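Engineer: Quick paste from TrEMBL:
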COILED    258-285  coiled coil
DOMAIN    187-229  domain 'B box-type'
DOMAIN    336-393  domain 'COS'
DOMAIN    399-492  domain 'Fibronectin type-III'
DOMAIN    477-704  domain 'B30.2/SPRY'
Amino acid sequence: KVAIKGIERELICPACKELFTHPLILPCQHNVCHKCVKEILFAFEDSFADGGSESSNQSSPRIRISASSMDRIDRINRSGIKRNSLTPRSTLFPCPSCQRDIDLGERGINGLFRNFTLETIVERYRQAARAAIAIMCDFCKPPPQESTKSCMDCSASYCNECFKIHHPWGTVKAQHEYVGPTTNFRPKILMCPEHEMERVNMYCEICRRPVCHLCKLGGGHANHRVTTMSTAYKTLKEKLSKDIEYLISKESQVKAHITQLDLLLKETECNSERAKQEASQSFEKLYHVLEEKKSAALRAIETSKNIRLEKLQTQVEEYQGLLENNGLVGYAQEVLKETDPSCFVQTAKQLHVRIQKATESLKSFRPAAETTFEDFVVDTAKQEDILGDLSFHSNGLEIPEINEEQSRMYNKALISWECPGKTDSADIYVLEYHKLNKEEESVTWQKTEVCGKSKVLSDLDDDSSYAFRVRGYKGSICSPWSREVIMHTPPAPVFSFLFDDKCGYNNEHLQLNPRRTSVESRAGFPLLLGSERLQVGCYTTLDYIIGDTGIAKGKHFWAFNVEAYSYLVKVGVVPSNKIQKLFHNTHDVTSPRYEQDSGHDSGSEDAFFDSSQPCTLVTLGMKKFFIPATPAAPKDPASRILPLPSCLGICLDCDRGRVGFYDAGRMKCLYECEVDCSGLMYPAFALMGGAAVHLEEAVTAKYREYHNDI
């Protein structure tokens, strides 16, 4: 038997950090307490209602919403977004284990299964932990007796006497299932959370969860591969048993690895102490060099100071001699008292020369020494840079290179890098970045340490350019900096939405993926049926689809990809007051100019069709981007056709009434025009023929990890 006390780590809820209580299984296969799930969802909804403020995240001391989820709440609340009432609201749950936002669907918490197996193991652990504490009988008169068995049908515990009274022989209750004393009473039959009156009897191999027959017939698992519950039970139990047997058979190998790891721990301790001593000695040498330089510099300054003070003091004494009855002037006054001409001339000649020099010095006063010590300022800028990069360089550590194809600039910045040799030779990487600003003379790099080969940054300004560089570290050894890469952020905050599968959605011509992030037009059998009666030529109507979220104010940006095989796609925005006109356009499958009985063959209908469009759209297709024919556009049609970028973006400025269409890879504006933003604005897309559009996925903290798992 496995020691129950050795598995505590598996029985702790990641949210409350306590033993599981009624654990629920999330779609990501992690477990969370039922109470914790409710508290996290309440805090999540309160954060939406309060604008994602810090105070709203303190609703329960047991749980904490992930930073990525709070960033999403803040972004949605700042953007002035309103949810379309026609779209069913799904429930997002920030999983505390994998830090991803999990979609719980329309049923939310009611669609989750209770993990009864885990609950039973936790109860066994609790009983082992409180073996000295007895479970008392629920029906004894005070004082109650210690229970000897628990009835799983009655969900109660009994002593021997009370059990006989409440389960008399020969009655239905005598057939109840009873076990040893316990407080964990679980239902005997597992019911379907979506169809509460149906028991689960099948296992969905795609979703990896039990389902009932109604789920398979017409529910969300209709097209999934399922198997019987008994088959799934037998298969999974055999796999788990084999894996456990394999691990148990390798117990000696595991113990050998543990012994080896213990030796490595001790060896690491010894080697680290030796490395510390060597590093200390290296820095001590630098200290000695700096101390010698410091002493020499201070001596030079002191010597210069003494020389200057001596010169200035001599000059002071000379000027003091020019005062009356003092020094040179006093001596000259005494000489003037001499009456003997020959003696006076003999003395006055030399004295007169000194007096003249003193007079000239008064006219052009100049200190005998400089008071500043600018010549003794030590320039340590280069040395500081060298010391800042002080490390043990190694030729064996490869220089990382930033992968511009895998790096992305969207709602956040995803910077990815790799080593030329495709080997992970570094233990840790340091990513530095700074905003390009022509006005700033000095560059201040912001630094962040990364354990992997990618980093998501969320503190960048919109409509800005940034330079990035990275270097690797292995212990105290570091590589040189990589080549700097410049990337541009979107012109406005990123707007999040999904394709609306309710409002005007034509499921005969358009097909959405389950996540509603991709739409594809199917030019197949329905189109042939609609064109069956035509004899000459025709044009088909565009199939429109809009976003499920509108914009009321501010400036917003969103990006998407158009498949290269797409024949015709139109993208842009539509106001809420023109959505009905968009989906009820009078132009149907055929054109009057080609009808046999129309009586005319003019192109006026096509002109009317172009001028009557209720929304602002640009045309894409056949790997081209077509600039609309406006008075400001070039007259030559060929100059209005651009290559289709791999990723397109739309920037809507409701305050200025402008919409711009961008090459989202380079964040370069291809075309901009005015738009009426008097109502709620929705992203709009139109497809015809074979075409597909994929919304750009938002960058999250676990973006690269998630895609690597896939």
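Cβ atoms are placed via backbone N, Cα and C, with glycine included.
Please treat TrEMBL annotations as automatic predictions, because they have not gone through curation.
Please situate the listed features within the shown structure.
Structural biologist: Note on the coiled coil (258-285): its mean pLDDT in the predicted model is 89.
For the domain 'Fibronectin type-III' (399-492), the number of residues in each DSSP class (helix H, G, I; strand E, B; coil) is 0 helix, 43 strand, 51 coil.
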Engineer: Do you know the DSSP helix, strand and coil residue counts for the domain 'B box-type' (187-229)?
Structural biologist: 7 helix, 11 strand, 25 coil
